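Features of the protein shown, as given by TrEMBL:
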type	residues	note
TOPO_DOM	1-9	topological domain 'Cytoplasmic'
TRANSMEM	12-34	transmembrane segment
TOPO_DOM	27-44	topological domain 'Periplasmic'
DISULFID	36-39	disulfide bond
TRANSMEM	40-58	transmembrane segment
TRANSMEM	65-86	transmembrane segment
TRANSMEM	140-157	transmembrane segment
TOPO_DOM	159-164	topological domain 'Cytoplasmic'
């Protein structure tokens, strides 16, 4: 089936990531929503998925390798989005204190500590400033990462498509 060829699936990954990143930048620069550390971690995962998909489109012969890399990037994004959703559902007294901005962290703290803060998030990650049909941006992101993970896993495990 031509719609499920590895190249078409990687085009879907790439176009989806471009759309998601475009909306993320729109929400930041037009709507004024400042991304928290976990949002930035998710953006990194989206960019990795997009980069691996682009390379897979160009080098269609080794699509399983790129599917594995997309799977790993999706897993990282799943972890970040899952943690953010978990933080958004914490009782207010259990939400961690808000931390400094990403720029400040990278300029002030040692890289390993800034990376730890980026992955663990802070109180800013628990705020829900945007929702669509009852789901926060983090919950939508989690859904996208689940879909990307599932599609990458399917592409990785399926038999080699016949050349038509």
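Note: Cβ is positioned from N, Cα and C throughout, glycine not excepted.
These figures come from a predicted structure and were not determined experimentally.
Recorded stretches compared: 12-34, 40-58, 65-86; the one with the most Cβ pairs under 8 Å to the transmembrane segment (140-157) is 65-86. Residue counts for the topological domain 'Periplasmic' (27-44) under DSSP, helix first, then strand, then coil, are 11 helix, 0 strand, 7 coil. If you draw a 10 Å sphere around the CB of residue 36 (disulfide bond), it holds 25 other CB atoms from the protein chains shown.
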